[in-house]
Amino acid sequence: MTTILQINSAARSQGAQSTLLANELTAKLQQSNAGAKVVVRDLLADGLPHLDESVLGAFFTPADQRSAEQNAIVAKSDALIAELQAADIIVIGAPMYNFGVSSQLKTYFDWIARAGVTFRYTENGPEGLIKGKKVYVVTARGGKYLGTPNDSHTPYLRTFLGFIGLTDVSFIHAEGLNLGPDSQSAALASAREAIAAA
């Protein structure tokens, strides 16, 4: 059975365009993969703690020396990574905030980026360990940045995902959402056209 993991990272629980479009894409992919199981990871609802001394300490303490608190932190990270590993298709709703990803998504990345677990260092450089998955990233942006030096959003996402082994990545952009009704309509129509073709 195909498993689709949808990761919502908007800072709004209702009405976020990245989430709405990610929902549409997941529904389309579910139709294309009969019997597919859908798992939704809502990062806003999860409220993962930002990377701090306690989280880093847990990740870098040998398993046989961890405290109960550290074991709980690592167990949460392990569960997030297992969820990612179990997915065949990953859909990420990733709005652009101030030229980057949401703090929720950055925190999620910090919780799943673990040396020896999701990547490793070799004599030839780093190697991602989460492989063989298709990733769709649905972005929502108030302005238009694609193809300009101000688009630090797309390369960051591609770089991080590639670092942990996720190299088959397709982007669906909805840009210009805050540039007036006509621009918003055109942006959503373009995104939905890409969703239909996915």
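From the backbone N, Cα and C atoms, a Cβ is placed for every residue, glycine too.
Not measured: the values here are computed from a predicted model.
Per Swiss-Prot, FMN binding site is recorded for MET96, TYR97, ASN98, PHE99.
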Q) If the FMN site is taken as the center of the Cβ atoms of MET96, TYR97, ASN98, PHE99, which further residues of that chain fall within 8 Å of it by their Cβ? A) PRO95, GLY100, VAL101, HIS153
(Q) Quick check on the binding-site residues TYR97, PHE99: which one has the highest count of other Cβ atoms within 10 Å of its Cβ? (A) TYR97
**Q.** Set of same-chain residues at least 6 away whose C-beta sits under 8 angstroms from MET96 (FMN binding site)
**A.** THR139, ALA140, ARG141, GLY142, TYR145, HIS153
